[in-house]
Each structure stands twice: as C-alpha cells, then as structure tokens.
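Since the structure comes first, as structure tokens, the remarks are kept for the end.
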Amino acid sequence: MDPITQQEINNFTITTTTTTTSSSSSSATATSPTTLSRYENQKRRDWNTFGQYLRNHRPPLSLARCSGAHVLEFLRYLDQFGKTKVHTQLCPFYGHPNPPAPCPCPLRQAWGSLDALIGRLRAAYEENGGKPEANPFGARAVRLYLREVRDSQSKARGISYEKKKRKRPPQHPASFPPPNNNELI
C-alpha cells in the first residue's frame, strides 16, 4: 500500500453501508450510516484532530513525512488543554496526592489520556493505509516520552503507577473428591 496522503486524511469519513431493495418495476438504493462504537468515534475524532494539527503546522506537513518527533510536538501542544495538576519540584505540594491548598503549578494532559490517545492514533494510522513499520505513533521516542510523563506525574502526585499484580485464587491442599452417593449402598 502507498503511504497515506494529505487528501486521504481530509477525506477520512464514516463507513456507510448500502442496501439495495428490488421491486418489480425498479430498484432503489438506500444508505444508512453504521453505528460506530464509542472507541471508533473517539479514534475518528483523534485522527481528524491530528490531521488538522498537520495542516496547521508551519510549514504544513504531510502524513508521509511525519515522524515520532512531530508526534511529540503534537503531545506537547495538547498539554495546554490538560486538566491534571502536575506539581513542579519546587512546589511545597510536590509528591502529595491531595494538596490542601491551591498552587500555581501547570495543568497538563494526564498520562493515561496520552497513552490511550497514542493507542487510538496508532490503530487509525494503520487502518488508513499506513505501514506498521513506518508508524510514527509507535516510534521509540514516543514510547520513551510516555514513560517519562508517567514517571514524572507519579512522582509529582505521590502516586505510583506500578503494574497491578494479578490475584490468583488461593491454593487449597490436595483434597479428595466428594464421595459418590451411589457407591455407599
């Protein structure tokens, strides 16, 4: 497949299904949009937002020339719309999950939001004809940036993002199977 062009980004639309009904004299074609899941709708909005970012980039940037560095620029651009307070190291509330008073620390995008966004954009890129090996959303620099954001936000808020360990059912000592009532007679 060819790399995705700017025109293809502009033309990204919801897939529609076509149903044909026949009658004895003529046939009519009716189209009805398919109902997309919440995830698919969000993925489409994210893809359109990224396409808009590329068009507004100075100089304008085609998706084929987009790299992991451009994705990082996009993520930093999104920080201005964030709602998560991230304390700086100089803040007296650094490391406190619930600060007792307001502070001037910046609002940023939460790590979980950025991680989910990158996952959706990575999938959208490949669904729109991009080659997996050239996917800028899967670049090493993007993964390292997400890890850095996660670690810095966890330290700033005093919350660890350690992987949750899977709980295993308790092991019972070897027990004998219950007796079969038919054998007792």
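FYI, residue positions are counted from 1 along the chain as it appears here.
Glycine residues also receive a Cβ, built from the backbone N, Cα and C atoms like all the rest.
Because the structure is a prediction, the values reported are computed rather than measured.
As recorded in TrEMBL, the features of this protein are as follows:
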- 15-37: compositional bias 'Low complexity' (COMPBIAS)
- 15-41: region 'Disordered' (REGION)
- 38-165: domain 'ALOG' (DOMAIN)
- 151-185: region 'Disordered' (REGION)
- 171-185: compositional bias 'Pro residues' (COMPBIAS)
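Mapped onto DSSP classes, the domain 'ALOG' (38-165) shows 77 helix, 4 strand, 47 coil. Across the residues of the domain 'ALOG' (38-165), the predicted structure has a mean pLDDT of 88.
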